[in-house]
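To start, the structure itself, in structure tokens.
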Amino acid sequence: MDTFDQLMQGFSVALTPQNLLFVFIGVLAGTIIGTLPGLGPMSAIALMIPVAFGMDPTTAIIMLAGVYYGAIFGGSTSSILLNAPGVAGTVATSFDGYPMAQQGRAGKALAIAAISSFVGGTIGIIGLMAVAPALSSLAVSFGPAEYFALMILGLTAVVTLAGKNITKGLIAAVVGVMIALVGIDTQTANQRFTFGLPDLLEGIDFLIVALGIFALAEVLVMLTKRGKEGEKRKVTSLRLTRKEAKTIAPPVARSSVLGFFTGVLPGAGATVASFLSYSFEKRIAKDGKTFGKGNIKGVAAPESANNAAAVGSFVPLLTLAVPGSGTTAILLGALLVLDVQPGPMMMTDRPEVFWGVIASMYIGSIVLLVLNLPLIPLFAKVLDTPRTLLLPLVVVFCVVGVYGLSFSTFDLWLLIAFGAIGFLMRANGFPAAPLILGLILGGLMERSMRQALQISGGDWTVFATQPIPAILLGLAILSLLPAVIGTVRRSRRGAEQDIDGGQEKEKVSERI
């Protein structure tokens, strides 16, 4: 069966009334949640996972995928209208989108964002169809050693994006792995990190961690901030002239391709893709000096890139079971909870899920465009939602979602604890994505490592002597080097400045 026939099979799955309904629900919910500053795709998916419990796995994943790229687009609304990006991937959109809104061109900026998102998503889906089968065929040859090395690469790639302090990213990743190891060791039956508490024998559900670290922590962050509830913006005409359409067409095409391949790389994601595309377009543009002052290409490029990257991140997720971002790490957890094992065999074992999700992305992109163009003024009103109404709703959703897992009050205490941990992490500059990836990959890494050692008779050199694991582990080390070198250089500069400052003080004291 060729790709076209498989895609048609996917459309037969995605076009059922039930799946069409949940494509619409996912895109709508994602767009609304993504519009709210701070509640990005990770929080959106975490909030919607309880809704997915008990649903058909294909329908559930179709809905959650719609939430993902709906939230990516929704973030552009608050970026453009309020200069408050709802999603990290739309920060670059605000550079020119917000100036356009201040100039009375908010409607045009939102329309460009919607059209660019649609084109970027469509090109990303075509790329997913082309790349995923080939990568899946290659990945069939992967054994436990290869999978272990690949997961290490994915984890280190996300750690390197932790910011200036790579140590904090590494600490977060290690904490995530430790949380994944809580419970009974399936091989030795020993208790690990349970502290004598029977409620921890079965481990900690990732939904509790995700809702606590992202949604509940965001509530705590919002409670600590004081300021205006919202600043209304008038939404003007949405129409683009033919000249404007021609102006944005090349940047949209280039940024979509760049965004897709950036999204395929584990750890990159929509945020990196949007900044790369914005920087590239600014560098090659003849009117580069107008970027940051309301240039329409400055809205089109990052919006097409971040949506293409969102689709691209599904390539490693579906074919290798390696999340390309923190958001797809949560999706990986959702897949496993729904008893769907992503990876090389997914295309043959669960083709209805694989191709159904891809077909639903086509439908979702159209729904996203049709839904958002006429409803842009309505979505803008979501930004005026008072915190006194919004925050309690988020807390109630978190509590109901967690309590519904096992009807355990202990899980609610864990939710509160992880909410506090997430708040403290943000306050001290610790990234959440490495922790979530460590949590998701921890158990899988341990299983793959043990299987590889059993096959090799306990020989640890199996990870260095076989070509693919050696290459992947080498890439993991190389991915850490730039961040490590940057950290060392910054610490040296700080030490030199301290020495220079001390010498100047000594000279001043001598003069006195």
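Positions of Cβ are set from backbone N, Cα and C atoms, glycine also.
Copied over from TrEMBL, here are the features:
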- 20-39: transmembrane segment (TRANSMEM)
- 20-437: domain 'DUF112' (DOMAIN)
- 110-135: transmembrane segment (TRANSMEM)
- 147-163: transmembrane segment (TRANSMEM)
- 170-186: transmembrane segment (TRANSMEM)
- 206-224: transmembrane segment (TRANSMEM)
- 314-338: transmembrane segment (TRANSMEM)
- 353-376: transmembrane segment (TRANSMEM)
- 388-406: transmembrane segment (TRANSMEM)
- 412-441: transmembrane segment (TRANSMEM)
- 462-485: transmembrane segment (TRANSMEM)
Positions on the same chain near the transmembrane segment (388-406), where near means CB under 8 A and six or more residues out: 36, 39, 47, 49-50, 53, 205, 207-208, 211-212, 215-216, 218-219, 222-223, 412, 414-415, 419
Segment-segment contact (the transmembrane segment (314-338); the transmembrane segment (20-39)) at 3 or more Cβ pairs under 8 Å: no
In contact by Cβ distance (the transmembrane segment (110-135), the transmembrane segment (206-224); 3 or more pairs under 8 Å): no
Segment-level pLDDT (mean, integer) for the domain 'DUF112' (20-437): 81
